[in-house]
Amino acid sequence: MRHWLEQLSIRYKLMLLMLVVAVAVLLLSGVSHGLNQRQVLQRSAIDELNALGGMLAYNVAAALTFDDPEAAARTLAALADRPQLLGAYVYDLDGGLFARYPPSAEPLPPDEYGPDGKGHPGIGIEPDHLHVVRAIVIDGEVIGHVHLLDTPARVRAALNRSLAISTLTLVVAVVAALLLAHWLQRLVSAPILSLTRAMERVSSARDYGVRVSESRGDELGSLVHGFNDMLDQIQQRDLRLESYREDLERQVHARTRELERTVAALAEARDRAEAASRAKSDFLATMSHEIRTPMNAVLGMAELLRKSGLNARQIRFAETIQRSGEALLEIINDILDFSKIEAGRLSLERYDFELRALIEGTVLLFAESASIQGLRLETELADDLPARVNGDGARLRQILMNLIGNAVKFTAAGEIRVRAMIRRRAHGGLILVVAVSDTGPGIDPIQQDEIFEAFAQGDGSITRNYGGTGLGLAICRQLARMMEGDIRVDSVPGRGATFTLEARFDEACGRVCPGTLDIDQVESELGPEPDSTLRGRVLLVEDNPVNQEMATLMLEDLGLEVAIADNGDEAVKAFAHDAFDLILMDCHMPVMDGFSATAAIRRCEREQGAVSPVPIIALTANVQKGIEQRCDEAGMNGYLSKPFSQRQLAARIAPWVVATSPEVAGGDETPALLDPAVLDSIRALRRGGRPDPLVKVIGLYLDSAPRLMSELRQGLESGSAEVVQLTAHTLKSSSANLGAHGFAATCRVLERLARAGALDEAGGTLAAAEVQFQELVAALERLQRDS
C-alpha cells in the first residue's frame, strides 16, 4: 500500500488527501447526526408514550376506584387508533391485572411491572420494546399502575429515513469534494509538474536553456524562481566551459602538432643515437678484432723473441713489449665491457661452477706479482662456503681479478687479504660476500663514491702513477648489481681500503660449465713455459701472414709439424687430400670463413664415415657474446682467443696431440697419466714457508671429480644428452688443468657423442673413462702423499 502511494503522481496524492479529509469529516458528521437523531426520536417517542400513560392513568382512576373493569377496558379501547402500541395494562395496588388492551395481549410478569413493589413507575428502553409505567393516583394516594408497551418501529423508520438522507448528502458532498480537490490540486501540482517536465527535458536533452513560467508569489513561485536561476547559472557555466573547451582544443591541437614534431625529432634522434650506438658497438667490435689480430702477432713474437737467446737487456725490452701489449689488451676488454653495459647488451649466464676453486684460482694468479712486490697474499674461505653454486662464474672472476689486481697495484707494502663467506640466504638463493682488504694508501671519503664512476679515479696522480682507464670499478659495480648485489668501499686514508662484493647466486642445479680453472685464463698464468714436447701434424688455417708465421714458430717450437692454409676453402681441400691430427681454424677469413670450412669438413667426415673426427680449434679475435656457441654449432671442439701465448696454445691443443715429456719428478706411474709440465707449473707457485699449491689443487679435484663422474653415469642412464655433454665438458677441462690429457681426451669423446645425440654409442667410452678415472685418482692420491 505504501509503495503504491509513493508511486502516485503528486496531483493524485493531493486529490486523495483532500478527498480522504472530506470523506472523514462527512462521515464523522453523519455518524454524529445519526446518533443525535436516534436519541431525539427515542426521547420523542418516550415522551409521547409517557403522556399517553399519564392520560390513561387519570381516565381509569374512577373505574379502578369503583372496581369497574369494563369501564377501564372501554377507556383502554380508545387506544385502537395506535396500532403500533403493543399493549396497555392496568394493575391494582396489589399487582393484580385489572384491565388490558388489546384483550388478547399477554400480561407481563407481575414481578417486572406491577404494584407489588417490584415494578416501579418510570421509563424502560429495550432493543425491541419501549416501556412506560405510570401510577394511578387519587387524592394523593396511589391505587394502581398503568403499563404501556410500545414498539420502536417508528423510531427505526425515522432513523432509516434520516440515514438515507445523510448517505445521499455524503455522496453529493464527496463528489463535490472530488471536483473541488481536482481544481485545488492544480494550484499546487501544476508548478511542480512544470518543474518535473523541465527537469526531464534538461536531463534527457541537456538543454539548459529551458525555463519554467513564473506566475506565483508563494513558496512554489520561489521554488520555480530558484530552479530557473540554477539553470541560468548552469547554462552560463556551460557556455564558459564550452569556451574553455574550444580554447583547450585549440591549445591541445597546437601542442599535439608541436608534440608530434618533437616526437618525430626525438624518434629521429633516437634512431640516430641507436645507429650511433650500433655503429659504436660495431666499431668497437671491429676494432677489437682488428687490434687483437696484430696484437696476437706482437705478443706472440715478443714471447718467441724472449726465447731466442737474447741477452738480459734485450730480454727486458721484449718483456716490456709483452707487458705493454697485455696492458693494451686489458684496456680494450674494459672498453668493450663498458660499451656493452652502456648499450644494455651485457647479460649474465647461468650455470654451475666450482666457487671455491674459482676464488682460490683467481687469487693464485696474483701470487707471483704479490710476492715480487714483497706483499703477503692470504685467502680465508668460510667453512660453510659451498664448493659449487649456480651463476655466472666468468663475471664473478672478472670482478675478483679487478679488485685483487687493484689491491696488488696500489699496495706498496704489507698484506692483501681475501675473505669469502655466505652472509645469509634469501628466497633459496645464496648471498656471497667477498672482502678484499689491503694496506695501501687508502681512499679519501670524498672520493669513495667517485671511484665507481666511469673514467673516474681517486685523483689525477693515480693515472700518472699507476695508469688505467678508470673503467674497472665502474664495470665491476654494474656487474655486481646485475647479480642483485653491489660493491662498497670502506677506507681510512693512510690505513688501506676494503672493497666488499655482495652477489646473489643459486644452489647448484646440475647445469655445469667449463672448468672453473679455465685453461685460457688461469693455466696460462700459473708458471713457466712447459718443458714437454708435443707430437703431431697440425693444419694452421690463417689469412694473416704475420699470424701465420708467429703461430707456426710457436707450434714448431712445441715439436709439431705445421701445414698452412690461407682460407677456409684451402683448408677443406687440404683436409680432403691429407691427414692431420689437429686443425687450428681462424674464424674470419676471405673466400670461406672458419665456420663454413668447419661445417664442410664435418660433412666430409660424415660422408667418409670417419670414426674419430679431427679436432678443430677456433682461433678468433672476436670476444663478443655467443662466439663459443657458434663454434659449438659449427662443430668445433673449442676455441682460443687472440692474442694468445705459447703456453695458452699448448694448454689448449694438448688434449688432442701426443705429448712426449721428460720424467716426472717423484712419481712412478704419474708420467703415463699426468703431464709433468702442468704439475711443475703448479708447483712453481709455491712461496717460501707456504704449503705446496699442488696438494691443494689435487685436493679440490679429488673433491669435485667423483661427483661429476657420478652425474655423468646418471646422465647416461637417464638418457640426458645435455647433462652428459656439460658434465663431460667440465671433467675434460678440469682434468686438462691437472695435466691428465688422456682422461681429458676420453671425456672429449663423450662430450662429442652427447652433442651428436649418440648416447647409445657412449657406453663403452664411459667404461673406459671410469677405468682411466680410477687410475688417475690413484695416481693423484700417491702424488698428494709424496708432495
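Quick reminder: no glycine exception, Cβ is built from N, Cα and C everywhere.
The feature coiled coil is assigned by TrEMBL to 231-279.
Under the heading domain 'HAMP', TrEMBL lists 186-239. When pLDDT values are averaged over the domain 'HAMP' (186-239), the model yields 73.
The domain 'Histidine kinase' annotation in TrEMBL covers 286-507.
Helix, strand and coil counts under DSSP for the domain 'Response regulatory' (537-657) come to 57 helix, 24 strand, 40 coil. Here TrEMBL flags 537-657 as domain 'Response regulatory'.
Residues or ranges marked as domain 'HPt' in TrEMBL: 690-787. In terms of DSSP helix, strand and coil, the domain 'HPt' (690-787) has 85 helix, 0 strand, 13 coil.
Around the Cβ of Asp586 (4-aspartylphosphate), the same chain contributes Val541, Glu542, Asp543, Asn544, Asn547, Gly594, Ala618, Leu619, Thr620, each under 8 angstroms and 6 or more positions distant in sequence. Sequence annotations record features per position, and here TrEMBL assigns 4-aspartylphosphate to Asp586.
Annotated phosphohistidine per TrEMBL: His729, in sequence order. In this view, His729 (phosphohistidine) is surrounded by 22 other Cβ atoms within 10 Å of its Cβ, with every protein chain counted.
TrEMBL lists 12-35 (among others) with the feature transmembrane segment.
Look at TrEMBL and you will find 163-184 (among others) tagged as transmembrane segment.
Remote same-chain partners of the transmembrane segment (163-184), defined as residues 6 or more beyond its termini with a Cβ less than 8 Å from a stretch Cβ, comprise 14-15, 17-19, 22-23, 26-27, 30, 33-34.
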